[in-house]
Each structure stands twice: as structure tokens, then as C-alpha cells.
Amino acid sequence: MATGGVPIREEGSGGSRRPRAGVVTMRHDHLLTAKQLSRADIEAVLARAREFADDPAAHADRHPGALLALCFFEPSTRTKMSFETAAKRLGGDVIDMGAVEDSSVKKGESLADTVRVVEGYADAIALRHPSQGAARMASEFVDVPLVNAGDGAGHHPSQTLLDLHTIAENAGLDDLTIGVMGDLKYGRTVHSLAHALTNFDVRQHFISPESLRLPRSVRYDLHEAGANVREHEELEAVLPELDVLYVTRIQRERFPDEEEYEKVAGQYRISAETLDAAKDDVAVMHPLPRIDEIDPEIDDLPNATYFDQAHNGVPVRMALLDLLLEDGGGDE
Amino acid sequence: MATGGVPIREEGSGGSRRPRAGVVTMRHDHLLTAKQLSRADIEAVLARAREFADDPAAHADRHPGALLALCFFEPSTRTKMSFETAAKRLGGDVIDMGAVEDSSVKKGESLADTVRVVEGYADAIALRHPSQGAARMASEFVDVPLVNAGDGAGHHPSQTLLDLHTIAENAGLDDLTIGVMGDLKYGRTVHSLAHALTNFDVRQHFISPESLRLPRSVRYDLHEAGANVREHEELEAVLPELDVLYVTRIQRERFPDEEEYEKVAGQYRISAETLDAAKDDVAVMHPLPRIDEIDPEIDDLPNATYFDQAHNGVPVRMALLDLLLEDGGGDE
Amino acid sequence: MATGGVPIREEGSGGSRRPRAGVVTMRHDHLLTAKQLSRADIEAVLARAREFADDPAAHADRHPGALLALCFFEPSTRTKMSFETAAKRLGGDVIDMGAVEDSSVKKGESLADTVRVVEGYADAIALRHPSQGAARMASEFVDVPLVNAGDGAGHHPSQTLLDLHTIAENAGLDDLTIGVMGDLKYGRTVHSLAHALTNFDVRQHFISPESLRLPRSVRYDLHEAGANVREHEELEAVLPELDVLYVTRIQRERFPDEEEYEKVAGQYRISAETLDAAKDDVAVMHPLPRIDEIDPEIDDLPNATYFDQAHNGVPVRMALLDLLLEDGGGDE
């Protein structure tokens, strides 16, 4: 049960929101947003990810010859590498569109044309694009499964799934108290995770400066989904309750001047000392890359969960690809 | 039989032209230009491509472990990706030289040295280079098969073969009437295709503004090869006869000012309405990327063949690699 | 026995130098510098490389599914491609971090964080970084084997091993007289090779302009290791004795003006005529890329060993990876 903080109770126009998908498997669908996943979907992915995580090298005959096209219209080290690793650990391979400056896009080709060409080469597509909505638009033009690997300020569902998997492995997804701290205004990671957590029995605390609190639309969305959510400006109040502390980066470029940034960012950094007031086994997460939000002295504590979290990208993306390719691979 | 238009009848100095190769297979040769391919060669590639196209995922044990080096000295999304896909669909793999700005070339290494190093790593090389003649020069330094994947204004034979394959699948290569429209002056794709089509019973119509008509040397070449060729400034005259309409892009940078460009380019764009005057089953082709030469409303018509054409890059390049690697792979 | 030249006899403070590793295999170690390799280590790698060189395509089932992460923080065509080829020839594959400008590094991520993430994806890491000491630092954060693929002015042990392999194959490593010519001041390749050769019965001659002679620290190091080393300003004096002539590039940017550079560089270029005064079977080596240090007319002589040397990168890196992965792959 959440204590203190400001409970979210918002009115406002909901707008038209997409209905939750009720499907249990994701057979031959695109994965565009975590919102399309039901609790059963999430549990199916996580269960399979757990199998794969137990021995990531043991499934090399699962999808032999399957090709995942990596269409990354903006850079991403860990998402791209972990999709690549996932495809290869399943016995498949990737084909890489390469950097945009080297591609037909530079010649003025539309995204729709690009993905329609690529679908002729590959069995699935992972698409990252700077424009919100790009993945949904692209998915309307292709028949092979397409995974949204980030569309600007939009969605990044495989990140949400790996966050959920990490939480599940470290604290469980029921009767959970999580604190999410940092830049809550611009962080799509945070918005998607918060929504996905409404499928479970979770108390969510959001800790940020006033200027970076959750956007009104997200608060409304969570409220509508019946989330148990509170907002705070300071970590102290809620820290002792947390099973998970999810830290995100406060970006320098959001602030008018350096001094203002330093003042704010300094309040949301954590050190080993910070954790003195927390539960012994609080799991500290971070989507990485971090700059200085988490003191490296925490790296060696058992609480440091962020590298495991990054590593979980592989089994979770293996599970995703496995479910999406299931009919195509058909080798079980 | 072609009607109307201006028949090509040119004199002029032929210069020394390379004799046609008479080989039936391409065993351990380089593929530098479509001109080196006899009708029998082309038919061998197309027959094998058809086998591969029927099930592109079924040949994963054909060349296990074969490595194709991708040496792309200038960007190319679809050529590179489809070579990569082709190698992988055959059970092989690629090694990628990466972008030129990241390579030894930046340190001043000669192309000859680069390919001599790379041939020690790979079983075949696909080379794209901005300089005409680069592939021929490079081929003189290596023993592994080298495929010219485009050498500036020169040749791009695998593009020609996939064009031929697409024509063969959609309209057949005999008793064919094709119209090629757009930038005929600078389009190497067009020149190679025109020459290759002289191996078959084809009526070729070339439609372009006067300023972008086929270069004199290409016209002479086609004339010498006994081609049945006519030139037009307007599509209307010849459209009803066409089995295939091959559209290419008119590049903005060829024109002194924007207004002039718009006036000319506008005349060579096609829409669904344009096709009203064409045969019901005319196949519309385009090497892609397109900008606005073909209205997207055509995409959903059965006439739209350009995405199939791009997809044909895979089986055709599989066939090419298969023939070039035949002795090396030796697993039939 | 070396004749003429200036014998190296230096005093000076040795500083703390790392002790030689006495291990015979490199099981689950990192390879950071050639200095950590004993004579037995080197011989183990070279023996295995010889096996692999005999048939580089025959070991495709040796490490199925093994993933080598390529973390190249600065460009390198041949090192990267040959690591990639080596991994694939062993039945493994690579995952590529891509260019730095496309990576999380650009967002300010530390090298330690990057490699800690990557170790969760891969079974081994090849790291190139512009900063001396980067590989050692990074290795302290990861449990998977890490190979230093070049750390600025520091080390590049797999280059040293392929140099040793090339020397062994062409002239043997005992009772050998080698001349190393060119830029001896800045060439890490040269420093590592010189040190590694102290494990064998080798006479080393160093030929360079005064301004580019071996740094004092390297001379001291060789002296301490009991090396048989002499320095020369001219090749003529020592050329007739040499079994191997190892040429390196004199870099333009080391000189204040173009004229000075041309004067010096010209003295250290070799042509077919130069070799008239050498042993008939002197092996000419070069780490490549070359600019104009070696006249292309030498390329067709049996003495030209530099392309073989580059090609040896594959079997040597196969041997390295094989030894490093031995426990992980476990398929012997």
C-alpha cells in the first residue's frame, strides 16, 4: 500500500485509446507497443525468456536460417546488439540496413518503400525510427512480423518486456512496490513500463522534480487503467518501502542553464549511502547508458541490477522473436 | 514490331569492344558486366534463380561456411542487403569491409591492395566502387570470384540479371515489347539492360526528354548488336503496345534550375490514370528507390512489379553466388 | 651474429614492468599484450594456427554458436575483418558494436559500462580503442575473454602473433636475422614484435632515421630481455644478412614540412633493385596498409610476403579464439 505522495486522480479527455489485445500468443502479429500485450501475453514472453535465460546458447537449432532485418534509422548500441545476439542464439541471423547516411533513405526513399523492400529479404523486421508512430505506419505495409525497437517519443516494447522480466526475476510482479525516479516527463521507457505494470498488483511511486513529472496524458492513462500510483519530489519519503528502485537519466539538454541542471540532477543521484535507508535487497535498475545517476560504488553491491537488466535483453528478445517466428520457423 | 518513334541507325567509330563470352557456366570467373554473359549464361542464372525463388529458405545447406566479402566503397542499401541475404540463404555468411571512412582506404591504401588482402579472408567478393572500371581492375588482382556490384557510371550486372528475371517471370523474354522511360542518359541500369535484351526477341522503346536520351555510344552499341530499338519523347505513342514499362528516376541535379526540372520530370511520372491507356497486364518496373516517378496509388494494382523486382535480388544473387562458388562449395 | 650498427646498451630506470606469464595455455585469460605470452604460449598459438591455415574452411563445427563481440572504438579494416572471418571459420559469429558515432559512447557511457553490457551478449570480446591501457582497464570489468585488438600507442598482440607466424612460416624463428625498417618511434607493431622475438634466437636490426629510432624505453626493455639488437641509419650495411625485412610506413604527419618528409621517406622505400643486394629468399613483410614504402613491382616477386602476412590474420586469430574459448566451446 502506497504511503504519502500525491495520488493521481485526473479528469480530462481520454481521447480514443486502443483496446487491449486479448490474444494469448502473438503469432504472426507485429509488436508495436507494450500496450497491446495482455497480462497473459506478458507472462508467455517472460516464461519463455526464463527458459532461454537458463541457457542462452542451447537453442541454436530453434530457428535455423531465420533472418531478422535490423532497420535502425537512429543509433542504438544495446538494443541493436541484443536483437542481433537474440537472432543468432536462436540459430538465425540478421541483415543490417546500416546507417541512414549510407542508405537509400538519403536518396529520399519513403519508410514505406524501404520496409516493403526489406520484407522481401527477411523473416522479421526490427525497426527503430526517430518519428513517433513510424513503426505502426511501417507495419501496415509489411506481412512479416515487425517489432518496434523504439519510435522517438513513442514506444519501445521490448525494453518494457526486459524491464518486466528483470523485475519478475528480482522481486516478482505481484505485491510489488516500485519507485521510478528521474526524468519522468520525456522517458518513454518509464511511460511504457508504468502502463505495463497496471496488469499486475503493483504500487508505483514516481519521484522527480516538478518540472519533469509524468505528463498529464500518462497520468490520465494510468488512472484509467486503475493503477496504484503516487508522485513525490523526494526519494526519502518512499525509499524504505521499495522493492525496486528504477533510476533514469535527467538530461542536461532539458534545462535552460548548467547551474539549474546541476542543482536538480544532484538530488536524483544515488550512492551506496543512499541505499542505507532502503530495504536490504532493493533492486536498483537503470535502462542504461548512465552518466552519473548511479555511483559506480553501487556496481559491486548485490543491489546493482542494471547490468543484468541489459543482459536480459537477449533472452527476452529471443522469446519475442521465437513467438513472432513460431509459424515460420515451425521446428519444435 | 515497334511502331513509330525514331529507329536507331548510327554510324560512328565503334572502338574496340569486348567479345561476348561463350561460356555456358560461369565457374570460377568474375562477373564484371552483363555484356560478358551469353544468352545461355543468362538462362542458366535465371533457371537457377527460379529454383531458389520457389523456396528461398530451402537451400541453407548449399554453401555452408562460404564467406562473401562485401566491399562497398559507396553506399547501397538494397544491393548490399540482398547480397547479404543471398549469401545467408545459401548457408554462407558475409564479412563486411564497412564504410570507407572507417577503412584503410582512408589511410591511402590502393584498391588493388585492399582486394588482395580481402581475398585471403573470403571465398568471393562483391565490390561496389564509385569509379568506372574499378571492378575490372580489381578482378585482375584476385583469384576468388569477384562480382561487380556497381562501378560508378559503368556496370551493375546483378541488377541487370534481376531485371531480366523479373521481366521473364512477368512477361517472358521472347516476343516482348518493353518501354524504358526516364533518365536514359545517365542510367547505367538502363544501358546494361538494353544490351542484355539484345540476346532475346525484344522490341525496345526508349522514352525520355531530348536532353536525357540514350548516349550516342549506347545507341551505337545496341545498333551493332542488332537491337530492335526506337526512341520517343512521349509515352502516349507507344504505351498501348508495352508488355513492360520500366520507369527510372530523373535526377534533379541534372537540371540547371528547379523550374526546368519540374517541367520535365512531371511529364515522365505515371499514375493509375496513365495506365488506363496501357495493356491490362502491363508490368510496371523501377529499380528503386523511387521518389515520385510512380504514384503510390499504383502500388496496390497488380501491375506494380517494382517490389517483386527488388525482392528478386535475393534469388538472382543466390543463383549468381551459387554458380560462382560451384567448385568451391562443391556440395551438390 | 649481428655485424656493424650500434648495439643497444642503455642504463636508465626500468620502472615496474609486468612479469612474464608462465602459463602454457591461455584458457579463460584475456590477451592484452604480447608480453604476457611465454615462448610456450607463442608456440602453442602458432602450432594451432598452422593447423587452421592448412584448411581454414575445415573447422566450421569447432565453436558452433560462439559469439565474438567486435568493439572497435576506432576504425580498422583488416583487423576487424580478420577477427570476423576467424570467428566465422570456427563456426561462430560476431556481433558488432558499430561505429562509435552510432553508439552509446556518444551519449557519454564509460568504457567499463559498455564492456559490462556487451559481456552479457557475447562469449568473447575483441576491443580496439584509441587510448593506451584501455584494454587492460576494460578487462578488469569482464569475465569473458577479452582480446586487445589495439589500444592506441599501446599493444596489439594478435598483430604480433600473426607477424611471428609469418616469420615462422617463411624463415623460421630460430637462428634468424631480421631487419625492421621505417618508423620505429611510433610503431607499436614494431615494439611488440621486437619484444616477442626476444623469446627466440634472433638477431634484430633496426633501420631508421635518427629522428624515428626506437624510443629509449623500448631499447631499455629489449636490453633487459637480453635481446640481440643493433640500430642503423642505412639499410645497405645490413641488408645482405637479412632473412626477413620488415618495412613500416613513415608517416607524413610526423614531419614539420613536406620537403623534410620526402627526403627522409625516400631513403626508406624499397624497390626490386633494392633487393638485388639481399639474400635471394629474403621475406619482405609489411603490416599494411602501405602507401609507397614498397614498390608494387615487388608484389609479383616470391619475396613479397605482406599479403600472406595479412591473410595469416585469419588462422592466427582462429587459434587465439580457439584457445580463449576452449572451455566455453568444449567441443573437442
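Glycine is treated like the rest: Cβ placed from N, Cα and C.
Among the candidates A:Arg48, A:Arg50, A:Arg128, A:Arg254, the residue that TrEMBL names alongside A:Arg78, A:Thr79, A:His156, A:Gln159, A:Leu288, A:Pro289 for the carbamoyl phosphate site is A:Arg128. A simple Cβ count within 10 Å picks out one of the binding-site residues A:Arg78, A:His156, A:Arg188, A:Arg249 as the most packed, and that one is A:His156. Using a cut-off of under 8 A between C-beta atoms, the binding-site residues A:Thr79, A:Lys107, A:His156, A:Gln159, A:Pro289 that neighbour chain B are A:Lys107. Every protein chain considered, the tally of other Cβ atoms within 10 Å of the Cβ of A:Lys107 (L-aspartate binding site) stands at 14. Each of the binding-site residues A:Arg78, A:Lys107, A:His156, A:Leu288, A:Pro289 was checked for a CB under 8 angstroms from a CB of chain C; the ones meeting this are A:Arg78, A:Leu288, A:Pro289. Put simply, A:His156 (carbamoyl phosphate binding site) is 7 Å from A:Arg188 (L-aspartate binding site) when counted between their Cα atoms. A coil conformation is recorded for A:Leu288 (carbamoyl phosphate binding site) in the three-state DSSP classification, outside any helix or strand. A mean pLDDT of 92 is what the model gives for the domain 'Aspartate/ornithine carbamoyltransferase carbamoyl-P binding' (A:30-169).
Counting every protein chain shown, the Cβ of A:Arg128 (carbamoyl phosphate binding site) has 23 other Cβ atoms within 10 Å.
Residues within less than 8 Å, Cβ to Cβ, of A:Thr79 (carbamoyl phosphate binding site) and separated from it by at least 6 positions along the same chain comprise A:Arg128, A:Ala149, A:Gly150, A:His156, A:Ser158, A:Gln159, A:Gly313. Taken residue by residue with DSSP, A:Arg128 (carbamoyl phosphate binding site) is part of a strand.
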